[in-house]
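Chemist: Here you go, one structure.
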C-alpha cells in the first residue's frame, strides 16, 4: 500500500511548490477534483524506487472561524488520510498566529507530524528557524522547495520505515551483456503460471461518484450469495471482499464501501481519491465504471491515467446503458472511440448494474486481463517473435547502419515487460516501437493489459582489451613486416 504524505500550512508557505517538486508535475499524474475534494490536489511522487502519494491542501487562514471551518472541511480530512504530515512554515516570515493555531490542531491528531521550514535559501537557517521549536512539534527541518534543497533528506526521514518490507523486483542484470543466456525451464514457467492462476484476482472497482460502483458491487455479491466480511488489516475504509465464481477466486476492492441493503438506493456516495489511488496500486485488475449518460469526464481520464501509469490491467464498464435511445447509444460509442482510442487493448462492456444486464460477461474480460498480465513467456519464444517482427518489417537505418535486434527476454510481469537487446535500439523511432509492441501483443494473444518494452544496448565485451597474438601469429607478422621492407627497396 502506497504511503500518503499530506502538506499542511497557511497560504503562501510553499506547499504547491513542494508538491510540484515531489510529483514532478509535468511527468506524473496530478489529479484535481474540484467540488469533490474542494482544494485538495493529489499526486504520485517517487524517491529512488519508492513511490508515495502526496496531498496538497489549501491554505488555512489565521482567524478562528477559518481555522475551524477549513481544518474540518479540508485539511483535517487530508491529515486523517495521511501516514505522515508535513507542516510547512515560512522561515522568512517567521512564526504567525496561524502557525500556532494549526500546530494546536496537529498536536491533537495521532499522526507523525514534521515541521518543515521552507524558503531557507540565502538566510541563516538555524537562526531564523529557532522560533519554530516553540510550536512543540519536535525537530524543525530546513528546506528550499523552489531549489529542491533539503527536500530529499526530509522525505526520507518522514517516510522512514515505510519501505523496509518492500519486495525487490527480479534482477535481470545477468542478461545485460547478451553474449549468452540460459533458456528458462519450460516446466518451471508452467508451474509458476499455475501458481498464479490459483491465486485470487484482486479486482478494484473505481469511478466517479454515483456511476454505480456500490450498485455493481452489490449486484455481483447478490448474484453469488457469498458471505461478506472485511479482511483484517485493511485500511482507510476500502473494503476487501472475498468471493468466488466458476471455481475462480476473487477479492473485490470496493472503494465506495459496501452498503447495507436499505442504503443501496442512496444517490450520493462518499468519494475518496486516496482510497481509489491506493486500490489501483494494490489490485491486479482495474474495473473502471463510466456513467453512459454523462459520457467521459476529465475525472474519468484522470483515473484512467493513473491506472495506465501504474501499469494495471484494465476493463471498462459503461453503466446505466438500459433505457437509452439508439441515437444516444451510438453517440456514446462514437465518443468512446474518439477519446479512448489510445487504450485499444482494454475491453469495453455496456452494462446495467441495476438490472444485471451484461454483468456476467465482465468476469471473462477480467480473467483474460489477469492471465495476460501474469503470463510467463520464455526467452526463446520472445526472441522468435522479435525476429519475425524484424523480418516482416526491417528496423530503420540510423545514419549508415541498420538497427540490429539481437534477442528479447521477459523483464517483469503485471504489466508484462519485454526487454529487447541490440545495437542502436535506443535510437528507434516511436512508430517502430509501437509496431513491435503491437506485434508482440498479437503474437502472444495479450489483451486487457498494457505491454511495456525496454530497449538495452549491449556493451562491447571486448572493449578495452588488447589483442594477444599467439607465437604462430607473431611469426607470421614478423615475416610480413620483413617482406614489406624488402619490397620498398
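Glycine is treated like the rest: Cβ placed from N, Cα and C.
Reproduced below are the annotations present in Swiss-Prot:
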type	residues	note
BINDING	9-16, 56-60, 118-121	GTP 1 binding site
BINDING	207-214, 254-258, 319-322	GTP 2 binding site
DOMAIN	3-166	domain 'EngA-type G 1'
DOMAIN	201-374	domain 'EngA-type G 2'
DOMAIN	375-459	domain 'KH-like'
Chemist: Taking only the binding-site residues 9, 12, 15, 57, 120, which one has a CA atom nearest to the CA atom of residue 213 (GTP 2 binding site)?
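Modeler: Closest by Cα: 57.
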Chemist: Quick one: mean pLDDT on the domain 'KH-like' (375-459)?
Modeler: 90
Chemist: Can you count helix, strand and coil residues in the domain 'KH-like' (375-459) using DSSP?
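Modeler: Split by secondary structure, the domain 'KH-like' (375-459) comes out as 32 helix, 26 strand, 27 coil.
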Chemist: How would DSSP class residue 15 (GTP 1 binding site) in three states?
Modeler: helix
Chemist: Give me the count of other Cβ atoms within 10 A of the Cβ belonging to residue 207 (GTP 2 binding site).
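Modeler: Here the count is 25.
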Chemist: Which has the fewest other Cβ atoms within 10 Å: 9, 57, 210, 255, the binding-site residues listed?
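Modeler: The binding-site residues 9, 57, 210, 255 were compared, and 210 has the fewest Cβ atoms within 10 Å.
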Chemist: Please report the three-state DSSP label of residue 321 (GTP 2 binding site).
Modeler: coil
Chemist: Whole-number Å only: compute the distance from the Cα of residue 207 (GTP 2 binding site) to the Cα of residue 12 (GTP 1 binding site).
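Modeler: About 33 Å separates the two Cα atoms.
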Chemist: Let's check the environment of residue 321 (GTP 2 binding site): how many other CB atoms sit within 10 Å of its CB?
Modeler: 20
Chemist: What three-state secondary structure does DSSP assign to residue 210 (GTP 2 binding site)?
Modeler: coil
Chemist: Whole-number answer please: how many Å between the C-alpha atoms of residue 57 (GTP 1 binding site) and residue 255 (GTP 2 binding site)?
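Modeler: About 22 Å separate the Cα atoms of these two residues.
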